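Colleague: I have a structure I would like to understand better, so I am pasting it below and will then ask my questions one at a time.
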């Protein structure tokens, strides 16, 4: 029996067996020596960095973004609880320190009429300072509603520092600005109450003060403030309330609800948009309420002019109306004037009420995509 022959090839031991004439492979490969110059590398964490860890964000002013070099320059607003610098915050007398934006809102005494005069950006910034989301707000009234819902509680010490009142309250303004008389004791030690100081007030101002104090009962020892006063609404406000009551709740506003131009001033933003949408007037790009009021006013005047043009059956001389005026009548109802154009064909043959019901143009039978209101020059 011949001895098996062994040789080494490709790092494997191969043995030739004389019994079966098959190659027999050894399953253990020969370990190759490491190449020269290679060295063992220690394990390293890929998430580890030799650089020092970043420090926390430095406190900065919420308004201007300047970093505070020391804690002495950092001032906290009592209303929104945010940090501001000395420039972006203010303190009136011994009162609390407030940021300029919160100070402006406190000057309005959180009255709805005054808040509606403010810009939308200021309303959003104020709500953002109080961490209130405004993503779902589409109207200015919704922002004002959120501001009124989170107005801060004003303490008794802050009530003595009432902001400047509008011109509608001259007597109250004189009462708040003048020193306290002997009938009403002062609520804080900072208010003068000595007789010598009272006698130094001019006679006219003293009479105004007595008229304002005369409405206060003797057992009521606190001064009158805007939050506790009930004022009589003016004529303009009464007209606006009456005009809003004329609209039935739950029903969309219509141009036929308006009887005079003054009724437009009493409409809300939502009602103005409903009227424009029902008459196919585009109001995109209108950011303020007065822009919507201008378009509704123009729509109202144009509608009245067209109705006056086609309403009479006789002219001024008593004769029949010329047949040429029939061209301005809607070809569907023959009652209302033509005031809309059908797209995409561009034919003007119907009024707004009939145009929104048309599926196809009555002239060319083309499919109507939409109807747009037009104004006659």
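In case you wondered, yes, glycine gets a Cβ from its N, Cα and C as well.
Not my notes, these are from Swiss-Prot:
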- 190-212: compositional bias 'Polar residues' (COMPBIAS)
- 235-245: compositional bias 'Acidic residues' (COMPBIAS)
- 115-134: domain 'SAP 1' (DOMAIN)
- 264-278: domain 'SAP 2' (DOMAIN)
- 240: phosphoserine (MOD_RES)
- 243: phosphoserine (MOD_RES)
- 246: phosphoserine (MOD_RES)
- 254: phosphoserine (MOD_RES)
- 176-249: region 'Disordered' (REGION)
- 55-107: zinc finger (ZN_FING)
- 330-365: zinc finger (ZN_FING)
Colleague: Return one of helix, strand or coil for residue 254 (phosphoserine), based on DSSP.
Modeller: coil
Colleague: Where DSSP helix means H, G or I and strand means E or B, what are the helix, strand and coil counts for the zinc finger (55-107)?
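Modeller: The counts are 8 helix, 12 strand, 33 coil.
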Colleague: If one looks at the chain holding residue 254 (phosphoserine), which residues at least 6 apart in sequence have a CB under 8 angstroms from its CB?
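Modeller: Counting only residues 6 or more apart in sequence, the Cβ neighbours of residue 254 (phosphoserine) under 8 Å are 274, 275, 278.
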Colleague: If you average the pLDDT over the domain 'SAP 2' (264-278), what number do you get?
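Modeller: A mean pLDDT of 87 is what the model gives the domain 'SAP 2' (264-278).
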Colleague: Summarise the zinc finger (330-365) by DSSP state, stating how many residues are helix, strand and coil.
Modeller: 4 helix, 6 strand, 26 coil
Colleague: Within the domain 'SAP 1' (115-134), how many residues are helix, strand or coil going by DSSP?
Modeller: 12 helix, 0 strand, 8 coil
